[in-house]
Structures are given as structure tokens and as C-alpha cells.
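Annotated in TrEMBL:
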DOMAIN    C:127-417  domain 'NADH:quinone oxidoreductase/Mrp antiporter transmembrane'
TRANSMEM  C:6-24  transmembrane segment
TRANSMEM  C:69-95  transmembrane segment
TRANSMEM  C:132-150  transmembrane segment
TRANSMEM  C:162-184  transmembrane segment
TRANSMEM  C:204-229  transmembrane segment
TRANSMEM  C:241-265  transmembrane segment
TRANSMEM  C:271-291  transmembrane segment
TRANSMEM  C:298-318  transmembrane segment
TRANSMEM  C:338-356  transmembrane segment
TRANSMEM  C:368-386  transmembrane segment
TRANSMEM  C:406-427  transmembrane segment
TRANSMEM  C:448-473  transmembrane segment
Amino acid sequence: MLTAVFLPLIFALLIPLLSKWKDKIHTGWFVLIVPFTVFVYLVTKTGKDFAPIRETYQWIPSLNINFDFYLDGLGLLFGLLISGIGTLVVLYSIFYLHKSEQLAHFYVYLLMFMTAMFGVVFSDNVYVLYTFWELTSLSSFLLIGFWNHRKGSRYGALKSMLITVFGGLSLLGGLILLHLVTGTTSIQAMIEQKEVIIQSPYFGWILAFVFLGAFTKSAQFPFHIWLPDAMEAPTPVSAYLHSATMVKAGIFLIARFLPIFVLSEWFMIVTSTVGIVTLCIGSYMAVRQTDLKGILAYSTISQLGMIMAMLGYGTSTAIFAAVFHILNHATFKGSLFMVAGIVDHETGTRDIRKLGGLMTLMPITATLALFGTFSMAGVPLPFLNGFYSKEMFFQASLDLSGTSSITEVLAIVIPILAVVGSIFTFVYSMYLFFGTFRGEYKEQELPKKPHEAPIGMLISPIILITGVVVIGLYAQLVNEPLLAHTYEAITGEISNKTISYWHGFIPAFQLSLLVVGVGTVLAMTRKRWSSIYNVLPGSLSLNRVYDWLVDRTEKYSMKITNTYMTGSLKTYAQLLLSAIFIISAAILFLTNGINLEATDLAPITIAELLIVGMMAFAAIATVFTNSRIAAILILGVVGYGLSILFVLYRAPDLALTQLIVETVTVALFLLAFMHLPELRKRTEPLRTRALNATIAISFGALMTIVAISSFASKWFEPISQYFLETSKSLGGGKNVVNVILVDMRGLDTLFEIAVLALAALGIYGMIKLRGNSKEAK
Amino acid sequence: MEIVTSILAGILFTTGIYNLLQKQLLRIIIGTSLISHGAHLFILTMGELKRGNPPILVEGVTNYVDPLPQALILTSIVISFGVTSFLLVLAYRASQTNQTDNMDELRGNEHE
Amino acid sequence: MSNLAVLPIIVPLLAGIIAAFIPRKTTVVRIFSRVMTIVNLAIAMYVGFEVYQNGSIILETGGWKAPFGIVIVADMLSVLLVITTNIIGVACVFFASRSLTDKQESFYFYTFFFLLITGVSGAFLTGDLFNLFVFFEVLLMASYGLLVLGGNKVQFRESIKYILINLFSSMLFVTVVAFLYSVVGTVNMAQIAQRVQEVEQQGILTTIGILLFFVFATKAAIFPLYYWLPKSYIVPNPVVSALFGALLTKVGIYSIIRVFTLIFIHDTAMTHQLFIWLAAFTMIFGVIGALSTNNVKLIVVYNIIPAIGFMLMGIGLYSETAVAGSIYYLLHDMVVKGALFLLVGAIVALAGTSDLRKMNGLIHHYPVIGWMFLISTVALAGIPPFSGFVGKLLLLQGGLEQGNIAIVIVGLVTSLLILFSMIRIFIRGFWGEKDESFTPDKKKARAFAWPIGCLVAITIFLGVGAEFVYPIVADISTYLLDPSLYIDSVLKE
């Protein structure tokens, strides 16, 4: 399986090497081998005796992140879809994309996506699953942006990325919780501990997080809005990622964790409600679209909703129907996307208002579309696979029964919504087919004169439609070797389901007929009631919410940031100092840190008091003076006062240094500010000055209080006694301060000199480069 | 006495910060100088004042003041000197190239 | 043998001094600097190997036994960071000659550069609180020199603010060291830790710790102290921005990690809880800043802040998983920020503007730069399998282990917004119509690409090859959470 997962990636790395031949042979032929090989490999695994396969390869074992691959029925079904549809899509793309396109990019992204998708469905390790999950989002982003010179393409790429990555991150949260609750990173091992998970206090969070991941990926309401915009991608991509595989990853995820979640009533409530609402909104919205791919996009949303709803029911009929429909949907929807691509390719437009009457011109395409749309609509004909799963869906909806007040209501509402959604499904299916292939042929509106598509483009949809018919007629062909295993993988029970056309005139069948009847009427009168969309615009408003959110995020961040990032040092310093003061003062009080009972104090002498008083007075005077010379000289007074204090406090070296430094500094001050204007009178309003004063005084007071408290908490003998003892014997000097500086703390001094040297170099550079910068100008 | 010097150092911080919050570069740099004086005074105070002779060893004297804070202050004085000089030249150059020494006019508008 | 530990500090110091004497010979100094950074990287790796094999190297400088002299403590954390620092150094030095003018190079760029490496490595390696201050000053002074290099008026203007804020925090630093000295009578970190643990009634110590935290937080750009950062980081040359973005704030966060796992662990309910709150605000406001602008440089600069928030979150959570997450995130962030700063530098140089609204379709001209940018973006947002994921995973695990769903949600939302803020550059700048009138400078782009490519490769390695790095980080985390290991190794009791 490791090979299956990484084969596409390895091929992707080889593609750039093919650039030599890119003009001769379409790169797609080379790529085609990859999904086909995997498909064949997986087909050989199917059969009645299939048993899950497990493989483990180490990656980051110390974090329990390993390539634990687990191929069970569920993985097998999805693996077949990914590789099977993948083969057909690559084949189709060979004819769809011209050699002049950036094919290398296209196929690298596509292969990357295949690896990601195989990884998602085969991984048993939650973190590896997440890794591949995000890789699908990333490759989808790149594929949607393939024609990135289009604005819509860039818009759609960003939208899909934001929404699916949002879901992905949320999923990560859920997966981490699952890991922490169960202590394992293996999904199968988690399932064995499902009771533990259900009873965990975090279960609600787990459910919410995983839901967000699954619903965003599978375009469930209200996150479905990214899918229609993703249609900007080339059609093969839409057929592949945004219909058959990637969007089903959310379904896969829910199915994967179903054995755990099914124990929770909330799972059932949320999943089925979201699913059924998505079904209705999607099919309702599909009818109002005018772009073929738009119709198909909403149709996909609605079908995904239906599958999601069935998983939410959690009953055996529903789950089996869901599994069956995953397969059926891939066949008919895949072919319909390809048909849409063909129509686009041949006529030059996808606008259904310009299309019509193509049946005679493109008979094969039209036939394929006929089968596809009718299967999608669930028309009760024995050779359409869509009907079977649709009928099971009705059956499962009717079978619902409530155990609590909420579920009781749901059991009544859901079948009604199921029928409503299916009626609209029928309507848009007919609309799609008849609008494109029947009716009036509007030659003058078409950019190109349509012909039947080249055979190469037709092969893939033909194969898919053959699948529709064969599955319809001989459902047992896929049931026993495949679907039964998938069912078993999800429910843990052996499947005894059979698929047959005629169950008698049962309620589900009656509903099918009802849908066809009402649907036909509505489809024929569509133009008359379509004004309803002006009243109920459906999900357009959600798009507005998204646009609004994105727009506001940027605008408000600008606003918020601009309020404090003013560029003014004063604002910065005010905010910074206030924050430090408030938090530190709060901590000081909360921890009872204040201790002003310093006992062991030095005596106070008059001389000292005089000096201190002078310094304090001078310091305060700097605030009030308006003369620059005065200010600098007053600053000098403080400095010289400090050196006198150093003398008094038995620090001769300090006094000397301070004296010299002060003198030089004052000189520098005078030098630097000779050319600058006088100090101006303060023009600031009183409020600002009061605020500044408050900040300054509070901070100064805080420092004093912390200082006294620290002084009063001398709990240990300072290490300097050692210096006094060893200065002479080990350091060889009598002046202890000097010995400390050059010996014990020599490293400090070395780098202190380095700082000085750097300052000198910097100053030199600033002065020297002046001339140069003028020259440059 | 330590309480008195702590208060003085606090006053130096206060006046320094007040100056730092002004517009004119000269005041601001004066503010930083006051703050460094305050910081050095704090260090000295924390080492206890006048508890013995200056830390220059003399035969027969056993009582000296704590030499370590003095060493730290010395390092710090030299470093602040370096930074202040750099700052002064920078301030001079900045006000010259920007034609103002008013920090309000030195806000810049790269941010939108 | 133990002298080895000081080499990563002394070698760049000497290299810087020598470079100062040959500034006018640009070619010579350039080659000399390239050789010396590689030599220094090799030395750092050798020291790393030694530490990995035989445990921490303790060097008592001048032969003065701890706690009296200054000790250099090369433990695994320090050494790992020194190695990463030198990797950034190598990439930057190779990028420098392509990005700076000859004039700028000759005005002691390399001296400032080497001294910056000295200061940063010294700060990582020192075991002495006051010495940490000195190394801070070395790296700050070097950064001032780099900041004004080139000397236009915008640079001067922003430098003043940067220096003033840093000067204030430096003064606060020495003052707080003095307070601490008063209480515990020592400046040796191991001994401070030992003595703080012996105290029963902590009283003033928590406040001193918080003040110290603010000193480091100002340098690390933690909410609400990061205002000085954005503008001062966009004005200098890209290579200087890269050095700042990759290294300077990280020294701050390293100091917080060190001090708040070693010394101030007596009241985690107060201090570390506060950190979690601050981390949340740092992430939110930082990423809001990143979304607020169309200036590509500024977008990347603002993204420094939420990353710091993530690291602080790990320290706040203070568990083995979370601290390991912080350290892993730290390593990742240094590399990826280095790459991103160089990338935007290259983008601005190649596109001729830093305004996103004026860029278009660059990927058609510069595909390699474009793809490296996308990888770095994805790595920054913490999407697997790149480097950001491992750290983020551990941090989120750490958060959830303690049931702190709120901070985890903040972290997840922040990740999304980081991605949003960065992917805008890719979508608006790189995608779009190919501008045919634009003549790309392919040669320059190739020259830019190599140093960046190395960093991007390391980013990928840190993610895909996490198995080679994570066990070391996990050991560091275990080691950090047991301060006695550090104390005993320094004080040898």
C-alpha cells in the first residue's frame, strides 16, 4: 500500500524530467499508468474473501506518527473510486487539455492529489490521515488556481482553501483529543475503545471538531459555498476532485468514525439534519443555475447531503444505501461532468441559456447525458443504478423512528424533506438534459460550431455510463465483492443486504413515483415558478457572508492595527509602560510581595541628604526647563551628583568612571544639539501631561517599592565574600572591583569593550555614509 | 539611607520616563540618561551602602563593601555610555535628514 | 575540552574584528566571511555532537569556579539554538553580497553581522544573568549598527524608536538583576535557581520574575510590548531583516524559556497562567496585524508575533509536551522566518515594489522563488508535513492535555489566519496574468534562490525528518522541567 500511496508522488517528481518530450507526447499518457496500476492492484483485492490488510512503516515513531496503512472495505471502495475515476479522468484530460497548457503543472498537482487521497483513505494513523487531508486541500487549491490568470479562479482557490483548511485545522483538534482520550493514534484501536471516547468529557468537542472537518470538506450546508466557485478548475478536475473523490473525504471521515459516533444521539441529529438540509438547498439552488458546471456543482452538494444524511440515520439500510450511493454517484456524476466538459469544448460555452437542441449534432454525448441525468434523478428504471440507492434512501427515511423529542420530530420532518429534495433533484436533472440537448438549437449564440466529440474524449464517459447500466442490471456484481465489505467495515456486521429492482409496491416505490410525477410537472413549468428565486435566493446570502467576513477581516484588522500602531514613540512607550506597570503591580499585590520593613539600614548623614536633594531637584528641573543648554547642564548635575554619591558609598572606581563618562556625555550632548532648535514650550493638552505624569510616577514608585522590598528580603549571603577572600590570592590584585572586572567577570568586560567598539563603528558609518547618500541622490 | 537612595532612584526613573514621553528628541535622550542613572543607583543600593571600607584590600581590614555591584555598575556605565553616544549621533543625523527633531513628525506612514 | 563551549562565541568575535580591518577590500572580506560562517557552523555542530554524546559542557571562564566566575553552559537546548543561529548566518551571509551594495558591505556590515552572531550565541550559552545582559547589549549594539546601515532617513527615524525602547528595557534589565541580587545574593543562574527554590515565603520574587519577564518580552515582541517591532524590521536591508526576524526575538523567547523553567517556577499558577493569556493576545493581535497591510514585508514581519505567541503558550502550559512544542516551534520558526524574510526581500527586489496591489503573475517569471514561498507559507501555517506542524501539534496536545480548549481554539484560528495572511501574497503577487512587458532578472533570482533554498530544505527536513530531531527536543524538555539537572551540572553538587 505504501507503493500505492506514494507511486503518484514519485511519478509527480519525474514529470519535470519529461519536459523534453512534452511537445511530442501528451504528458497524460505517461501519467495514466499510475492510477491504472493502482486500480488493477485494488481490483485484485476485491472478492468475497476479502479481508482487511494492515501494513506499517515507521515515520516519526517517537510521536506515534507512522504510516499505518489499513485497507478495509471502506478504504477499498474509496481506493477503487480514486484510482478508477482517476484513470478515466486522466484519459479524458489527454483530449481535454491542449499540449500548449502547462501540462507538467497540471499533472504534478493531480498526482499529488492522488497520493493525498490514497493517504487519507488508507491511513489508520490519525496524524498521517490529517497530513494527507491537508495535502488534498493544498492540491485542490493549486488545481482550482490552475488557470490563475482568471480572477474567478483565484477567488475560488482562496475560498476553497480557507474553508477546507479551516475544517482541517478543526479536524486536527478533534483528532488530538481522540488521541489523548484513547492514548492511541490508530483509528481501529480507537474504535475498540469507543466506550471510553463516548464517556469522555471531551466527547462533545470531539464531535464538533470532527464535524467541522467533515462538513467543510464535503461541502455541507453552510460550508457548501466553496464548491460552486471551485468549478473554475479545468473540468477533469471538477469531475475528479469536486465530485467523485475529494468532496467525499468528509463522508469517508464520518463513515470511518461511525462505529464510535453512532453511539451518540447527537451525532444522528446533527448529521442527518445537516445532510438533509444540504440535500434540499443544493437541489433547490441547482435549478436556478445557468452554468452547466454550476448545476452539477449544486447537484453534487445535494447528493453529498443525501449520503451524509443516510450516514446520520445510522440504520443498517441507510448505511448500506449510503455506501451504494457513493459508488453510484461517482459513476453518473463523473460522466455528467465529462459530458459538460465535452459540450463546453465543442460549443465554446457552458451557459445553458445559449445551449439547446444538441441531440442531433452530438448523439453519443446526448445519450450518455440521458443515462446520467435519469440515473441521477432516480427514475425507476431497472438499468439505472441511481434509482436503487434512491429508493433505499426513501426506505431508510421512512423507517426512521424517534426515541427522544428531537429525534421524533426529525423522524417526521426528514422523510418530507427527502421527498422535496428529490423532487428538485428530478427537476434539475431534467433541466440539465432537456435544456442542453433538446429544445431550440441557437446556432448564432454559440461561439463554435458543435460537432460530436472526438472518440478519445468519449471513452471515459462511456465507460462510466456502462458502469451505471451494469450496476443497475447486475448489482450483485459489486455487492458481494465490494459493497458488503464496505458495509462491514463501517458497521462491523456481516452484510446480508441484497439489491433488487422490485420490492413490490412499497411506500418507498410510491415515493419514487411521486417524485417523478411532481417533478415532471415542475420541470415542465419551470419558467413560470422560477421567480421564486427572487424571493428565496438560497445560498447567495451565504456567499455574501463569506465575502463580508473576508473583506471585514482585512478592513477591521487594518482599523485595529492602525489605532495603536501609530508610529509615535510616545504611544508605544505609554502602552508599554502602562502594561508593565499594571501587570507587575497586580502581581505585587496578589502575591503580597510588598515588604517595606527594611531593618538593616545605613545611617543617614546630612551631606548625603544634601546631595540626594540636589539630584532630585535637578532631575525634576529637567522636566520644567525650556532651555536646551540648561537641560543638558542640569543633567550634568545629576551625573556629577551620582559620582559624589559613589565616593560617599566607597566606590572610588565608579566615581572616577562616572566623572569621566559624564563629562564626555555632556560634551557630546552639547555637540550633537548645537544645531538643533531650542526646546519648545510644551503645547500638549493638560490631559496628556497628566497621563504622562501618572505613568511616570506610578512606574517610578513601583521601582522604588520593589527595590525596598528586595532590600528587605536579603535572605542569602552574597557571593561577593568569596571575591574579597580570593582577590589577592587567586586574582593577584588588591582592588577587588578591578579583579572582578578583568578576571572573575572578564567575559563581561571583553564584550563591554566589544559594545563600545561597535558603537564607534556605527557612529563612524553614520557620519561617513552621509556624503555617500547625498551622492546617490 | 538605602530607602532614601531607593526613593531618589525612583525619582530618577520617574523624571526619566516623563522626559521619554515627550516629543523632542533632546528631552527623550535626557530621559534615557536619567533612567540609567537611576538604574545604577539601584544597583549600588542593592549591595548595601557604607558597610565597610572601599573594596581595595588593605592589611588588617576585614570589612569591605560589596564589590560585585560596583563591578556590574562599571560594566553598565560603559555600555550605556556607548549606547548613549550612538543614540546622540543617530538623533543628530535623524533630525538632520528628516528636518525635524519632533517625534510626532517622525511617525512615518508606511503602514496603511 | 570544555573550552570548546566558548568557541561559538569567540570565533565570530575574532572574525568580526578581522573583518573590521579589511573592510575596503570587499571581495576579500566577502570570501573571508563566507568561510568563517561555515567554519563557525561546523564548530557549532561539533560542539553539538559533543554535547549530544557526553552531556552538557560547562566552562568556568578564567578558571573561577561556579557560581563565582561566569559560566558558559552548553546544554542541548543552547547548542541546538546556536547551530540554528549559524545556519541562518550562513544563508544570510551568502545572500548579503547579492542584496547589499558594495558601499554597505564596506561599512562594516560583516563586523556587525559577526558580532550579532556572537551576541546571540553568547546569550544562548551563558549561565550568568548579568552576562546575559552584556550579550544582549552586544547583539543590540550590532543590530543598531545594522539597522542604520545605508543611512536613509526612514531608517534613522525608525532606528531611534527601536533603540529607545531597547535602551529602556536594558536599563530595566540591570535594575531587576540588582533586585534579584539583593534577594538571593548571586547572579549565577544555577545558583539563583537553587536559592529561589530554598526560599519558603517567595514574597517579592514573583514580582521580580515578572519584571524580568517583561524585559525579555519586550525583546521577544509579546503582547502588549511589540509595538516597536513591525516598522523597525521593514526599513533595513532584507538580509538584515532576515537576521532580525530569525534571531533577535528568538533570543527573548529563549530567555523566557530558560528563566521560567529554571528559576521562577515557584508560582506557576500565577506567572505561567498569565503567559497563556498573553500568548493568546499575542497570537490574535499579531495575526490581525499581518492581515492589516498590503506591504509584503510588513505581512511577514507581523507574522513574527503570532509565532512568538505559540512559543509562549508552550511555556505557559508548562508540561513536557508543551515545552517540547515550544522548543520545536522555536527551531522551526528561526529557519522558516529566515527563509521568508529572504524570500520577501528577493520578491521586493525582483518586483521592484513591496506593495502587493502592484504585483502580479510573478510565478511566471520566478517559478522557483514562488514555489519556495508557497512551501514556506504552508510551513509557517503549521501544515504537515513541513516543520511548523510538529511544534504546533505538540503545543495543541499540551493545551488539550490540560483541558485548555480555549487556547487551542485560539491557536487553530491563528493558524488559519496566518495562512490567509500569507497566501494572499501568493495569490495576488505570484498568480495572475503574466506581465509580458516585465523583463525578469533571472540571474539575480537564481543568485537569491540558493541561500533561500537551503533554508527551505531545512524546513522540509524539520518536518519530514522530525524523527531525527524530535527525540532530542523531547529530551531537552524533560531536562528543562527538572531544573536540578541544570543546577547540579553547573554547581557540581
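Glycine is treated like the rest: Cβ placed from N, Cα and C.
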Could you name the stretch, out of C:162-184, C:338-356, C:368-386, C:406-427, with the greatest number of CB pairs under 8 A to the transmembrane segment (C:69-95)?
C:338-356
Residues sitting near the transmembrane segment (C:132-150): Cβ under 8 Å, six or more positions beyond its termini, same chain?
101, 103-104, 107-109, 111-113, 115-116, 118-120, 122-123, 126, 156, 158-159, 162-163, 166, 170, 173-174, 177, 189, 219, 232, 235-237, 240, 243-244, 247-248, 251, 255
Do the transmembrane segment (C:448-473) and the transmembrane segment (C:241-265) share at least 3 Cβ pairs under 8 Å, sequence separation 6 or more?
no
Quick one: find which recorded stretch in C:6-24, C:204-229, C:241-265, C:406-427 has the most Cβ pairs under 8 Å with the transmembrane segment (C:338-356).
C:241-265
Under an 8 Å Cβ to Cβ limit, what residues of the same chain, 6 or more beyond the ends of the transmembrane segment (C:406-427), are close to it?
276, 279-280, 283-284, 286-288, 290-291, 296, 299-300, 302-303, 306, 309-310, 313, 317, 344, 347, 356, 370, 373-374, 377-378, 380-383, 392, 395-396, 399-400
I need to check the long-range neighbours of the transmembrane segment (C:162-184): which residues 6 or more away from its ends have a CB within less than 8 Å of a CB in the stretch?
129-130, 133, 136-137, 140, 144, 147, 191-192, 195-196, 199, 204-205, 208, 211-212, 214-215, 218-219, 227-228, 232
